[in-house]
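As given in TrEMBL:
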ACT_SITE  LYS130  active site, charge relay system
ACT_SITE  SER205  active site, charge relay system
ACT_SITE  SER229  active site, acyl-ester intermediate
DOMAIN    68-483  domain 'Amidase'
SIGNAL    1-30  signal peptide
Amino acid sequence: MAPRRMERFLGRMLRVVVKVLFAAFKLLAPQQRSDDNRRLPPIANTLLTVPAIQLAQKIRRKEVTSVEVVQAYIDRIQEVNPLINAVVKDRFAAALQEATLVDKLVVEETGGEDVLEDRLPLLGVPFTVKESFALQGMPNSTGLPSRRSVVSGIDAPSVALLKRAGAIPLGVTNCSELCMWLESHNHVYGITRNPYQLGRGAGGSSGGEGSVIASGASVIGVGSDIGGSIRMPCFFNGIFGHKPTSGIVCNDGQYPPPSGQQPGFLCTGPMCRYAQDLVPMLKIMAGPDAEKLCLSADVDLSKLRFFSVPHDGGSPLSSPVDPQLIQAQRKVVERLEADLGVKVKEMRIPQLKYSFQIWGAMMSSPDKDGKIPTSFAELMNGGFYVFCVHSSHPSQFILQQKESLQRELEELLGLDGVLLYPSHPQLAPKHHYPLFTPFNFSYTGIFNILGLPVTQCPLGLSEEGLPLGVQLVAGKLQDRLTLATALYLEQAFGGWREPVVSSLRMC
């Protein structure tokens, strides 16, 4: 009992210190930008509200041209990017040329629509790419000033597969420096802003993707996730994102490359405005390994077992979960039980309290040959980084917690279980505020260490007009369960909401 009392005391003391520092920051920080209260212009072109897979169908059927679709997204980027600073380098001229070739191919194809769908399922559909991925002819600095002049000569495998499926890249989007911070801000491109409230962050490290997709300026995008870098931006920006089972999608062609045990934690995955685009994107990005996921198999949600964990058990390092997020998750439970006739079991999993310590220990552990990971200071050429948790000797207690948590969740979820868990303890924070809550990402980061598939789902808007959401977690290789549940939740709660429509709340 004494250690628990001490833990609670330290937690309270930490929160007091954070509040004091936070108050000082508000006094000393620069004043709010004059345009922080501006709203994005509403979406005028209806092509911008069509899911990617439906756009591809319309292009194949000659109901719309790829040039029209690509031009619509170019226009929208040019309209909103001065406000959100999401796209950091475009390739609009090349994209229009490629769209012209697509339209020529559609006209000349003699095999019919089915042939095009089979060979090129995303033919003519535009997409965006996180700048940390190699996209031929585009910068690949990952926000590091020393890499400002680096231009990719090749495509990352996941990007190449999407291009091979007929998709057309529009450009690259902002990320946090070295992809290891909770906000997409760096000294090369500046800070990306949240389309729902410009004075708030878009998350990190795939925040540019989250912001541009939520703004209606991209329909699908490529992100990476080693601690929540797909799921946090998707949550903050009210869109869908999927961290696949570890090892399913190739992670090559990114900077920085993972080292130590990190290759087993890093995941590349899809970010989408519409849930129906998640499975087609994942099938393409996973290549031959998509077969391991049985993504075409039907999922009967009424036959699944559902569990709900409302918080991490009270870690002194993380913030308490916002009551609106607790309520949103409770409403999901109510809908699942009412619509599907299932019984959702609410649980507490004590090991989750050590999520950050587990993440930090495993991220800094050496590989099987004893080689320790490259430090962030080395990657930044001597720069300082807040997450320099570089210890090659994690405590036995933390390792035991990790192994215990791994066993418990794998046994709990099995082949037919889905776990509900908060995507983050707080709503999208104001710019720079994550400096005072740097461990909150542990709500997402723990699942990278466990290697489990996770889908982030939007659940409408809060009282402040900010996105609500929840994570769906399944057993290894059971990605189809969370993806099918995401489709259901999109229908039940409305999915993505246009940022300008702030009057809409959670259903």
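The backbone N, Cα and C atoms fix where each Cβ goes, glycine too.
Nobody curates TrEMBL annotations by hand; they come from automatic prediction.
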Requested in this report: Compile a sequence-ordered list of residues in the same chain as the residue listed as 'active site, acyl-ester intermediate', six or more apart from it, whose Cβ lies below 8 A from its Cβ; state 'none' when nothing qualifies.
Outcome: CYS175, CYS179, GLY204, SER205, SER206, GLY223
Report summary line: Cβ atoms other than its own within 10 Å of the Cβ of LYS130 (active site, charge relay system), all chains, total 31
Query raised in the report: For the domain 'Amidase' (68-483), what's the model's average pLDDT?
Result: 96
